[in-house]
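Below is one structure, written out as structure tokens; the observations come after it.
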Amino acid sequence: MNKFFSVKDITDLNTLVKEAIALKKAPLQNQHLGKGKTIGLVFLNSSLRTRLSTQKAAQNLGLHTIILNANQEAWTWEFEDGAIMNGNTIEHVKDAANVLSQYCDIIGIRCFAGLTNKEEDVSEKVYSLFEKYAKVPLVSLESATLHPFQSLADCITIAEHLPINKKPKVVLSWAPHIKPIPHAVGNSFAQWMQKADYDFVITHPEGYELDPQFTGGVTIEYNQEKALENADFVYVKNWSSFKNYGKLIPVEEDWLLTNEKLKGSNNAKIMHCLPVRRNVEISDEVLDSENALVYQQANNRTYAAQIVLQKILENHE
Ligand code: CP
């Protein structure tokens with residue numbers, strides 16, 4: 001492996017998930033791979049899980065870690081090639097990526113969708129520019145459209161809780177939120193669930209369709225109750241409208257996930273990438289129940305990152 005941006009960068013999901021699960025028993029066995037090497041983690045947006053789990057994964061592999069909170073600690077970056085930089089931007093991403101590549105053997109970058117310019121977000125303008133100028137392997141810590149480490153951790157979590165002798169029914173259920181949220185987690189989960197070949201359904205109010213480039217072929221059910229019938233896993237996530245880009249469209253029905261809503265499910269396990277707005281997206285009773293897997297997902301972020309970084313290090317020994 002030489003980069004990690006999406007599900008397209010992996011070949012065999014089942015094997016990768018099994019290898020990640022195996023790491024839990026002996027997380028420090030490959031410390032030699034990262035010895036004397038450095039990973040740089042660049043954050044243009046906030047993070048708890050991604051920041052700490054990727055650091056932990058790197059340290060398990062013997063890597064040194066450097067964190068750059070680019071929006072708070074670095075010079076303001078310019079993202080237009082050919083820009084006459086006589087305004088507020090101070091350092092071109094071309095120069096930043098080149099310099100970081102001298103300090104780091106692998107770089108991770110988090111760059112969310114701005115939700116104001118659909119074309120820029122869909123084209124992954126920031127991630128693509130950084131990738132163009134970086135001279136070392138690049139991994140996504142969540143980009144404008146995708147969140148692959150999260151999705152791999154989600155696949156690991158589902159694999160650890162599979163029903164016996166049955167292809168699981170997995171439902172991605174849209175949730176309410178107080179402000180517009182990017183589409184990356186939903187898009188990414190849709191991609192990875194298709195790769196996993198589970199019985200996968202997305203439910204959301206009309207007008208909240210995700211980008212069809214990630215959901216093409218997936219069953220969309222606008223009736224949440226119907227979608228949740230016989231579900232083995234319910235993945236709850238908010239996203240803003242894609243069609244009416246980055247906007248909140250008013251929704252009349254109550255999409256908060258409660259125990260009452262789950263009555264028709266197959267005693268479903270509940271998933272969310274976190275952070276979660278309690279009692280807005282999911283009720284306390286559901287989040288605090290035995291069926292909630294949210295902390296297991298967060299724990300698996302370490303092993304998702306570790307198996308990917310391990311593959312990249314092995315490729316550059
Ligand atoms: N799920 C996730 O990516 O969490 P953070 O935003 O805290 O990194």
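Glycine is no exception: its Cβ is also placed from the backbone N, Cα and C atoms.
What TrEMBL says about a protein is an automatic prediction, not a curated fact.
The structure displayed is predicted, hence computed values, not measured ones.
Residues GLU142, LYS237, ARG277 are given by TrEMBL as N(2)-succinyl-L-ornithine binders; from HIS177, HIS204, HIS316, that same site also lists HIS177. Residues ARG49, CYS273, taken from the binding-site residues ARG49, TRP75, CYS273, are distinguished by a CB atom under 6 angstroms from ligand 1. Among the binding-site residues GLU142, HIS177, LYS237, the ones whose Cα sits within 10 Å of the Cα of CYS273 (carbamoyl phosphate binding site) are LYS237. A distance of 12 Å separates the Cα atom of ARG49 (carbamoyl phosphate binding site) from that of GLU142 (N(2)-succinyl-L-ornithine binding site). A separation of roughly 24 Å, to the nearest angstrom, links the Cα atoms of ARG301 (carbamoyl phosphate binding site) and HIS177 (N(2)-succinyl-L-ornithine binding site). Checked against TRP75 (carbamoyl phosphate binding site), the binding-site residues GLU142, HIS177, LYS237, ARG277 differ in C-alpha distance, with GLU142 being the nearest.
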